[in-house]
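Listed in TrEMBL for this protein:
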- Glu105: active site, nucleophile (ACT_SITE)
- Glu109: active site, proton donor (ACT_SITE)
- 25-219: domain 'GH16' (DOMAIN)
- Asn113: N-linked glycosylation site (CARBOHYD)
- 1-28: signal peptide (SIGNAL)
Amino acid sequence: MSTTTSSSLQVSLLLSLFILTSLVAVSAGNFYQDFDITWGDNRAKILNGGNLLTLSLDKISGSGFQSKNEYLFGRIDMQIKLVAGNSAGTVTAYYLSSQGPTHDEIDFEFLGNVSGDPYILHTNVFSQGKGNREQQFYLWFDPTMAFHTYSIVWNTQRIMFLVDNIPIRVFNNLESIGIPFPKSQPMRIYSSLWNADDWATRGGLIKTDWTKAPFTASYRNFKANACVWSSESSCVSLSTNSLQTSEWQNQAPNAAERNRIRWVQQKYMVYNYCNDFKRFPQGLPAECKRSRFL
């Protein structure tokens, strides 16, 4: 091969790598730039030059926001400080979702409780419109006293839920045994604070105390190391070429992280659909038999 041909090939390869790498966005967010307030009138506010967002709930309405971008795989981090005091009946939801009857969804939901009782962190995964994969946890800290980081890692092999970078749950891709996995529908980030006192706290036995309103949750330090979907490009095949920003693409729990998952699930898990034999009298879902860390 001639020197000229070799140089041209190198330039072409570098240009291709640059184009592919540019499809993966690393966003250390500004809420004005990254999100739209979608409902709640003035109950949702962006403050501090875009570095802080608050949602509030009163007897008339809650509030919510969504990301401007859609993502197809990546790592999403958000720091949240939850409603303090008597939060019974309230739900703070933070999740990824596509749209339509066969939508995909990856959920964090924080179920409020009376003062002195712990929040319940509710997680779920929907694929092709089917959910019913709930796992619930108490947290090992008070999530109302300070900001904590809640993260979703989503790649072609698995979905990981993390709290302060501690993995609490893994949902593996088991398409090999016929279980749908979210992999082809771009998803936006959504969050909302709303009243769900018909079910959220002790199955609806405890109602929202509106004398404590307004209820407020706060958000900061949003980060998205993820593939931003656009109509001109397919992130599924291209984002894997971004080497510097894409540890999430093959991220899996290492030995220490597996021990952390065991610790969380043994000490703080309060519900696991994979143990609910009454709910599934015909047999547990197939994925429950194939992984210890679903």
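Please read every residue number as a count from 1 along the shown chain.
Backbone N, Cα and C define each Cβ position, glycine as well.
Neighbour density for Glu109 (active site, proton donor): within 10 A of its CB lie 19 other CB atoms from the protein chains shown.
The residue listed as 'active site, nucleophile' sits 25 Å from Asn113 (N-linked glycosylation site), counting Cα to Cα.
The Cβ of the residue listed as 'N-linked glycosylation site' lies under 8 Å from the Cβ of Ser87, Ala88, Tyr119, Ile120, Thr201, Ile206, each on the same chain and at least six residues away in sequence.
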